[in-house]
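Take a look at the structure set out below.
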């Protein structure tokens, strides 16, 4: 499969996050969150960091590494609150992992094309914006409505972190576009 930079999304990753499932159950939302945060920590952001480094942008690579680390911390926070929760990769996460593997297999081509890093940044911005403005605020609200204030507080903390990530990525994208 060749990369098609004219696609609306970056190898389908945008679609994965737009289609993220929200449940009417705080436990299910926590499981979904752990799954997605681990995917971002272990797969998506390390790949984006490598694209940045190979594109000659080590600062952006370091930013993606920092975001990956914090996404892992989000998963750990929720895992502590839900130590008994069984988390399995959904079909959507398995598909996203397959898409990242495709990107990794073509990483030299992606990194050598200026659109590759731009699309990685655009995807990251979209992901972090969805999480900070839609997904986690809704999860926090539902947890509070269901009387689970500890989990609501955790989701609210994640909102702040995801907002910070969105701001970092937005600045990096703006800076990249200025020099392009």
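Each Cβ is built from the backbone N, Cα and C atoms, and glycine gets one as well.
Here's what Swiss-Prot has on this protein:
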- 37, 40, 71, 131, 162: Fe(3+) 1 binding site (BINDING)
- 71, 128, 162, 165: Fe(3+) 2 binding site (BINDING)
- 21-180: domain 'Ferritin-like diiron' (DOMAIN)
Query = If you draw a 10 Å sphere on the Cβ of residue 37 (Fe(3+) 1 binding site), how many other Cβ atoms land inside?
reply = 24
Ask   = From the Cα of residue 128 (Fe(3+) 2 binding site) across to the Cα of residue 37 (Fe(3+) 1 binding site), what is the distance in angstrom?
value = 11
Remark   = Between the C-alpha atoms of residue 131 (Fe(3+) 1 binding site) and residue 165 (Fe(3+) 2 binding site), the distance in angstrom, to the nearest integer, is 10
Key: From binding-site residues 40, 71, 162, the one whose Cα lies nearest residue 128 (Fe(3+) 2 binding site)   = 162
Request  = Specify the count of other C-beta atoms within 10 Å of the C-beta of residue 71 (Fe(3+) 1 binding site).
outcome  = 26
Remark   = Taking the centre of the Cβ atoms of 71, 128, 162, 165 as the Fe(3+) 2 site, the remaining residues of that chain with Cβ inside 8 Å are 40, 67, 70, 124, 127, 131, 132, 161, 163, 164, 166
Message = Test of understanding: give the count of other CB atoms lying within 10 angstroms of the CB of residue 165 (Fe(3+) 2 binding site).
response = 25
Message = Under DSSP, is residue 165 (Fe(3+) 2 binding site) part of a helix or a strand, or is it coil?
response = helix
Query = Taking the mean position of the Cβ atoms of 37, 40, 71, 131, 162 as the Fe(3+) 1 site, which residues outside that list, in the same chain, have a Cβ no more than 8 Å away, listed in sequence order?
reply = 36, 41, 67, 70, 74, 127, 128, 158, 161, 165
Task = Give me the Cα-Cα distance between residue 40 (Fe(3+) 1 binding site) and residue 165 (Fe(3+) 2 binding site), rounded to a whole Å.
result = 12
Request  = Please report how many Å separate the Cα atom of residue 71 (Fe(3+) 1 binding site) from that of residue 165 (Fe(3+) 2 binding site), as a whole number.
outcome  = 10
